[in-house]
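Asks: Okay, here's the structure, questions in a sec.
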Amino acid sequence: MFRIGQGFDVHQLTEGRPLIIGGIEIPYEKGLLGHSDADVLLHTVADACLGAAGEGDIGKHFPDTDPEFKDADSFKLLQHVWNIVKEKGYVLGNIDCTIIAQKPKMAPHIDAMRKRIAEGLEADVSQVNVKATTTEKLGFTGRAEGIAAQATVLIQKA
């Protein structure tokens with residue numbers, strides 16, 4: 001049996017925080033605002049996995065009203081999500097992710113992100129694709145006010 005999940009997330013850029021995307025710290029003058037470390041890509045991946053497994057979303061599992069998740073490492077949240085998926089008897093087929101950001105440039109960090117996501121999903125890096133695009137300076141991402149990400153995941157019974 002195959003199941004497909006889709007994830008989407010957005011975070012505002014702000015001063016005074018590190019920029020962590022896909023589990024990788026990226027040198028930049030701003031970081032993403034959020035209750036956890038605000039890793040927009042790992043949140044998207046986690047949401048896609050939860051959706052595919054029929055287990056809701058990250059807000060259900062890690063509410064931003066719970067102090068336990070204040071400044072949480074999103075990689076640890078992803079590992080927790082993947083354990084839920086595994087307990088239901090699924091393995092990763094593949095995942096395709098898109099980061100939507102005007103800046104900074106993501107290309108130098110894509111390979112490291114793929115490896116980190118593969119690690120979190122206990123998969124081979126060949127099963128993980130990450131790409132980035134801009135919105136040609138249109139909208140909040142185009143004005144560099146925030147960063148968005150989306151992902152589609154395929155899981156299958158082990």
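A Cβ is built for glycine as well, from the same backbone N, Cα and C atoms used for every other residue.
As annotated by Swiss-Prot, divalent metal cation binding site applies to Asp9, His11, His43. The 4-CDP-2-C-methyl-D-erythritol 2-phosphate binding site annotation in Swiss-Prot covers 9-11, 35-36, 57-59, 62-66, 101-107, 133-136, Phe140, Arg143 and is backed by sequence analysis. Sequence annotations record features per position, and here Swiss-Prot assigns site 'Transition state stabilizer' to His35, Thr134.
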Asks: My understanding is the cutoff is Cβ-Cβ under 8 Å with a sequence separation of 6 or more in the same chain; which residues meet that for Ser36 (4-CDP-2-C-methyl-D-erythritol 2-phosphate binding site)?
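Replies: Listed in sequence order: His43, Phe62, Asp64, Phe69, Lys70, Asp71, Ala72, Asp73, Ser74, Leu77.
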Asks: When you tally the Cβ atoms that lie within 10 Å of each candidate's Cβ, which of the recorded positions (His11, His35, His43) has the highest tally?
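Replies: Of the recorded positions His11, His35, His43, the highest Cβ count within 10 Å belongs to His43.
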Asks: Where the distance is taken from Cα to Cα, which of the recorded positions Asp9, His11, His35, Thr134 turns out closest to Pro104 (4-CDP-2-C-methyl-D-erythritol 2-phosphate binding site)?
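Replies: For Pro104 (4-CDP-2-C-methyl-D-erythritol 2-phosphate binding site), the closest Cα among Asp9, His11, His35, Thr134 is found at Thr134.
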Asks: Find, among the binding-site residues listed as Asp9, Asp66, the one whose Cβ has the highest number of other Cβ atoms within 10 Å in the structure shown.
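Replies: Max Cβ neighbours within 10 Å, all protein chains included: Asp9.
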Asks: Take the C-alpha atoms of Phe140 (4-CDP-2-C-methyl-D-erythritol 2-phosphate binding site) and His11 (divalent metal cation binding site) and report the distance between them in angstrom, rounded.
Replies: 10
Asks: Between the binding-site residues Phe62, Phe140, whose Cβ has more other Cβ atoms within 10 Å than any of the rest?
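Replies: Neighbour-count leader: Phe62.
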Asks: Around the divalent metal cation site formed by Asp9, His11, His43, list the extra residues of the same chain whose Cβ is within 8 Å of the site's Cβ centroid.
Replies: Val10, Leu32, Gly34, Ala38, Asp39, Val40, Leu41, Thr44, Ala148, Ala149
Asks: On a count of neighbouring CB atoms within 10 A, which of the recorded positions Thr133, Thr134 is highest?
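Replies: Comparing the recorded positions Thr133, Thr134, the most crowded Cβ belongs to Thr134.
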Asks: Hey, how far is Asp66 (4-CDP-2-C-methyl-D-erythritol 2-phosphate binding site) from His35 (site 'Transition state stabilizer'), Cα to Cα, in Å?
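Replies: Computed Cα spacing between Asp66 (4-CDP-2-C-methyl-D-erythritol 2-phosphate binding site) and His35 (site 'Transition state stabilizer') is 9 Å.
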Asks: According to DSSP, does His43 (divalent metal cation binding site) sit in a helix, a strand, or coil?
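Replies: In the DSSP reduction, His43 (divalent metal cation binding site) maps to helix.
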Asks: From the Cα of His35 (site 'Transition state stabilizer') across to the Cα of His11 (divalent metal cation binding site), what is the distance in angstrom?
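Replies: So the Cα of His35 (site 'Transition state stabilizer') lies 10 Å away from that of His11 (divalent metal cation binding site).
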Asks: Enter the number of other CB atoms within 10 angstroms of the CB of Pro104 (4-CDP-2-C-methyl-D-erythritol 2-phosphate binding site).
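Replies: Pro104 (4-CDP-2-C-methyl-D-erythritol 2-phosphate binding site) is surrounded by 18 other Cβ atoms within 10 Å.
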